[in-house]
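Trainee: Look at TrEMBL and you will find 12-30, 293-315, 359-386, 392-417, 429-454, 466-490, 516-542, 548-571, 583-603, 623-649 tagged as transmembrane segment.
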Amino acid sequence: MDYSLISKRKCWVTFIYMVIVLTACNGFYLPGSYMRTYSKGEEIYAKVNSLTSIETELPFSYYSLPYCKPRGGEIKKSAENLGELLMGDQIDNSPYRFRMNVNESVFICTTPALSEHEVKLLKQRTRDLYQVNMILDNLPAMRYAQQNGVKIQWTGFPVGYSPPNSNDDYIINHLKFIVKVHEYEGTGVEIIGTGEEGMGVISEAEKKKASGFEIVGFEVEPCSVKYDPESAKLHMYDSVKSVSCPLELGKSQIIREQERVSFTYEVEFVKSDIRWPSRWDAYLRMEGARVHWFSILNSLMVIFFLAGIVFVIFLRTVRRDLTRYEELDKEAQAQMNEELSGWKLVVGDVFREPNHPKLLCVMIGDGVQITGMAVVTIVFAAFGFMSPASRGMLLTGMIILYLFLGTGAGYVGVRLWRTIKGTSEGWRSVSWSIACFFPGIVFVILTALNFILWGSNSTGAIPISLYFILILLWFCISVPLTLLGGLLGARAEPIQYPVRTNQIPREIPARKYPSWLLVLGAGTLPFGTLFIELFFILSSIWLGRFYYVFGFLLVVLLLLVIVCAEVSVVLTYMHLCVEDWQWWWKAFYASGSVALYVFLYSINYLVFDLQSLSGPVSATLYLGYSLIMAIAIMLSTGTIGFLTSFYFVHYLFSSVKID
């Protein structure tokens, strides 16, 4: 055998795996995530992200509108990571140039006369409430507005605005930037001014002290200005007069055909006491924080109280049965065996093979993979390892974790298969099904939604190249690791049942009400632990807000696991008490039915809280993503409930020896 050839193949396989992982992890640590200091007068260019709207949820490229391009006309895209691409981010360079600590008012460009298509597009984006998202030193532009006497903060600024009782639309073509800077060394640095203020002077001694500035805030004040046609003769970065916003409608730039739009901006640098590590605090400050705190704490107390009562009653009931049985002598036990009742009657059927055992094993395997991914991600985020400064990092981390947790999924699924069947035959088919079941469902839904996004020319559409990367990650990492886990599960010892199974199944007594009604109703208790946090999560996803209270989410997740386990065990015990030995699927759906309520709540959120969301395309996208979330929750919570019930049933029947 040529061992050198095998060694070369191993090297090539290792190299391919490294390339794939590095491709997926690209951008895990973005340059903007690190502290950057700038010297006085150093040039900094802002970047532009995709245009977004809470009305349509369809992101579009910044340069799809007739905005000024960078000097030279070359548009350069920033390298996005996997998470950013999946979220529809498209970060490009822009002509907005700042010189550190230099206050100035600058002309950028004047567009050619607007065509009919450009006017139609600008009006449509304006009326759909699209926002322009800009980034400076990795900080999104923040805008403050007064609404009903309340100060509200937004990220980005509108494309334009439509005055009430008017058919005209006006474009935002002048921006006033307020850049907050913190001087990290030295004191007494002056702000250099240009224009009417003249040039400030800094002594040589102060220059030595002032070695750099940190950008700790980025605010924008937009307005519309109608410029004189003579402004078209200006060149990019020529100085212009400062503008006081807002202006009267007669002095604003209307959107109509043959109009030429001049774009300008001014920048003001403001000293701030904010330190660089705290510069994201303004973005992560959630509205209604007090309501959030009290609602979560109230929910936690109620759920702990209810779950504690159910669990205590359950423990006392089962323990009383076991204690009474163990205190009897052998003759009394023999007599009691002849008068068995309740769950003891199904001793010969309780471990009988369930319906569709392969599907059950596949769903349990995928549930283990999703649960592991969720737990690890939330723990890392709760301890601050996933900063919002690294855009897309959370989603990228989730995908990478899911890929590598395929080993655990394959192991659990195949070992359960071997326990049910008593043999490892067919483990490859089970492993392949685990590797393809949930990713396949997600792939089909995303492909259908992607065709909709492609038809709308949205940047949210997944590029073909990314499709190949995702398929490569799927079949080169997830599938092999799942097969490896399946091999380990096939070699592991199956779980031994404590009782024998009869050849002839016992007849299940008829009931007045269907058992599935009780199973579906059981999902309300886990949903009670989840729905408050679900509101904040949906708001952060669909209303463009930052979500960073992962400490709360971690507590809710732990509580959800406990409640799912308790609910499933109690329902399993109730079914066994009425001689229903078909508990396998009921244990899964007793806790997994919470996904039904999550999906219904998502529809309720769409109807009552996302009233601004308009159009069938936006609603279809929302429901598609909500369906993926509901399926993932069903597999995760169902797996938690099933595994707990399985070990409970195993413990229950191994505690009492019934011949």
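Just so you know, glycine gets a Cβ as well, placed from its N, Cα and C.
Could you place these features in context, so I can see how deep they sit and what lies close by?
Mentor: Long-range contacts of the transmembrane segment (392-417) within its own chain (CB-CB distance under 8 A, at least 6 residues past either end) are made by residues 21, 24-25, 27-28, 30, 80-87, 89, 357-358, 360-362, 364-366, 368-370, 372-373, 376-377, 380-381, 386, 424, 426-427, 430-431, 434-435, 473-474, 477-490, 492, 494-495.
Under 8 Å from some Cβ of the transmembrane segment (466-490) lie the Cβ atoms of residues 16-17, 20-21, 23-24, 82, 85-86, 365, 399, 402-404, 406-415, 417-418, 424, 427-428, 430-432, 434-436, 439, 443, all in the same chain and six or more residues away from its ends.
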Trainee: Honestly, do the transmembrane segment (548-571) and the transmembrane segment (623-649) touch, with at least three Cβ pairs under 8 Å and pairs 6 or more apart in sequence?
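Mentor: Stretch pair touches.
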Trainee: Six or more residues beyond either end and a Cβ under 8 Å away: which residues meet both conditions relative to the transmembrane segment (583-603)?
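Mentor: Same-chain contacts beyond the flanks: 350, 354-356, 360, 363-364, 515-516, 519-520, 522-524, 526-527, 530-531, 534, 538, 564-565, 567-568, 571-572, 575-576, 622-623, 626-627, 629-631, 633-635, 637-642, 645-646, 649.
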Trainee: Which residues of the chain, 6 or more past the ends of the transmembrane segment (429-454), have a CB below 8 A from one of its CBs?
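Mentor: Residues packing against the transmembrane segment (429-454) from afar: 58, 358, 361-363, 365-366, 369-370, 406, 409-410, 413-414, 417, 460-462, 470, 474, 478-479, 482-483, 485-487, 617, 620-621, 624-625, 627-628, 631-632, 635.
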